[in-house]
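Colleague: Take a look at this one; I'll ask things after.
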Amino acid sequence: MLNKDQFADNHFIRTIIEDDLKSGKHEAVQTRFPPEPNGYLHIGHAKSICLNFGLAYIYDGLCNLRFDDTNPEKENDEYVNAIKEDVEWLGFHWAGEPRFASNYFDQLYDYAVGLIKDGKAYVDDLTPEEMREYRGTLTEAGKNSPYRDRSVEENLDLFTRMKNGEFPDGSKTLRLKIDMASGNINMRDPVIYRIRRAHHHNTGDKWCIYPMYDYTHCISDAIEGITHSLCTLEFEAHRPLYDWVLDNIHAPHATRPRQYEFSRLELLYTITSKRKLNQLVVEKHVSGWDDPRMPTISGMRRRGYTPEGLRLFAKRAGISKSENIVDMSVLEGAIREELENSAPRLMAVLNPLKVTLTNFEAGRTQSRRAAFHPNHEEMGEREVPISQTIYIEADDFAENPPKGFKRLIPGGEVRLRHGYVIKCDEVVKDEAGNVVELKCSIDHDTLGKNPEGRKVKGVIHWVSAEHAAEIKVRLYDRLFTIERPDAVRGEDGEYLPFTDFLNPESVKEITAYAEPAAKDLPAESRWQFERIGYFVTDRKDHGKDTPVFNRTVTLKDSWQPK
């Protein structure tokens with residue numbers, strides 16, 4: 001359930017919107033989230049989704065979901081469907097049906113014809129290499145193409161023939177006629193159409209010319225009545241082109257969109273480049289786009305992150321024009337905080353040590369009811385059985401304890417969570433000297449109460465060996481060992497492969513034992529394993545006969561670079 005407090009507090013974009021509404025410039029807010037369907041959404045997109053949909057929600061406006069699908073070779077319906085699923089999972093609903101920039105191709109073509117008729121666009125025959133040479137540099141003005149002064153009639157004829165498929169791919173382009181001496185390279189006669197014979201996921205084989213993003217995006221905003229077009233700072237230099245196109249096309253749109261930029265999210269210890277994420281998948285460093293170690297929304301969902309936790313993270317990351325570098329601990333902290341409130345509790349033992357309760361009758365089972373959550377009675381209770389043999393965590397016992405150790409030691413006492421106080425009477429070892437079993441006695445008068453006259457400080461979790469559910473647990477950690485794996489240069493000044501910094505211990509699969517309540521859980525069921533961390537039943541691999549739990553986050557931030 002959304003509420004207005006879940007979104008970023010006052011920031012410069014909210015100030016702009018409030019001024020626009022107060023002045024009457026706009027009667028209502030209309031935003032859009034415009035992903036290209038060429039990959040899976042990641043954490044940076046989650047921030048943008050929360051911003052665009054959140055602003056529409058705060059100001060009782062609308063937010064469109066529009067697919068900017070102008071690159072047919074890279075886009076497909078798999079990505080379209082995944083993006084829609086991710087947006088809905090995050091808790092947002094777009095206005096009307098999803099939009100596609102490709103639905104506007106006819107209008108875009110007509111506007112291009114209008115630009116040609118006005119002498120503001122021309123067909124160019126320069127090759128890509130020649131075009132780069134003519135473009136100039138940041139410090140040197142460009143040169144006019146020798147084809148820049150073609151007549152309107154010739155340009156109309158050539159553009160029509162481009163559309164009709166009379167020329168080879170890449171042989172001609174349509175360029176805007178702006179200023180080759182502009183200090184902004186984006187304004188040096190940018191290409192707005194290219195010839196490309198490629199099947200399009202939405203329009204099929206109707207077109208063999210496709211519009212460029214910078215031309216398409218602003219017109220799509222105008223067609224949809226977008227009031228505030230929000231994008232990251234790398235598009236700041238594209239804003240003059242955005243405005244130029246809208247100022248020069250013959251468009252009767254009532255709303256004049258404006259572009260505003262904010263800093264993109266840079267999350268440490270991961271990468272968000274689609275190309276590099278694809279490399280991880282192709283080279284099988286991960287199991288797929290939804291691998292729980294990936295920063296994709298589908299990966300984070302499979303890891304056990306919640307929509308509420310991601311929205312909280314987006315709020316804490318904030319919106320500004322300054323650099324937005326955020327440590328992974330901020331993301332994990334938001335997820336941890338949300339799960340602390342929402343996740344029911346179970347006990348599970350990851351590294352079991354056998355404990356025999358010598359004065360508990362063999363074959364007997366005793367059950368005690370325990371709350372699923374200490375602060376939410378409505379979550380109910382479960383039965384926690386105890387029998388003569390239990391498992392505890394191996395590191396909850398120390399034969400030679402360090403200073404301050406408050407758990408089980410030879411001759412010492414500890415309380416079993418939701419159970420008795422036990423005392424370690426004997427340590428059993430194998431031939432190699434490894435501890436393989438503890439023989440303990442229980443204090444029968446301590447179930448649900450403290451022993452009179454003595455203080456037992458330690459409390460440990462455990463499971464009944466006879467009743468425990470055997471589960472598969474995947475212990476996930478950060479995918480990279482350094483903050484910026486794609487920004488390290490070698491001695492020669494060249495960037496080192498980001499894969500050099502993959503964390504070899506980013507996942508470890510073990511067999512563990514959990515309370516019997518863990519046996520029949522549905523997929524994507526989130527739990528706190530008491531004293532260990534937060535876990536989720538895997539949305540793909542979990543089943544009644546093969547329970548699989550993924551570690552979402554530990555109870556505390558104890559991560560150290562490897």
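One is the number of the first residue shown, and numbering goes on along the chain from there.
Positions of Cβ are set from backbone N, Cα and C atoms, glycine also.
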Colleague: Identify the motif ''KMSKS' region' range according to Swiss-Prot, selecting from 141-145, 271-275, 336-340.
Modeller: 271-275
Colleague: Out of Thr15, Thr70, Thr232, which does Swiss-Prot tie to the same ATP site as Glu36, Pro37, Asn38, His42, Ile43, Gly44, His45, Ala46, Lys47, Ser48, Arg264, Leu265?
Modeller: Thr232
Colleague: If you look at how Swiss-Prot annotates this chain, which of 24-34, 35-45, 167-177, 365-375 comes out as motif ''HIGH' region'?
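Modeller: Motif ''HIGH' region', as annotated by Swiss-Prot, spans 35-45.
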Colleague: Starting from the Cβ of Tyr213 (L-glutamine binding site), draw a 10 Å sphere and report how many other Cβ atoms land inside it.
Modeller: 17
Colleague: Write out how many residues of the motif ''HIGH' region' (35-45) are helix, how many strand and how many coil, based on DSSP.
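Modeller: Split by secondary structure, the motif ''HIGH' region' (35-45) comes out as 3 helix, 1 strand, 7 coil.
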Colleague: Is Asp68 (L-glutamine binding site) helix, strand or coil when read with DSSP?
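Modeller: Going by the DSSP assignment, Asp68 (L-glutamine binding site) belongs to neither helix nor strand, so it counts as coil.
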Colleague: Would you identify which of the binding-site residues Glu36, Asp68 has the most other C-beta atoms lying within 10 angstroms of its C-beta?
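Modeller: Highest number of other Cβ atoms within 10 Å: Asp68.
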Colleague: Take the C-alpha atoms of Leu265 (ATP binding site) and Asp68 (L-glutamine binding site) and report the distance between them in angstrom, rounded.
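Modeller: Between the Cα atoms of Leu265 (ATP binding site) and Asp68 (L-glutamine binding site), the distance comes to 21 Å.
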Colleague: By CA-CA distance, flag whichever of Glu36, Asn38, Lys47 among the binding-site residues is nearest to Asp68 (L-glutamine binding site).
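Modeller: In terms of Cα distance, Asp68 (L-glutamine binding site) lies closest to Glu36.
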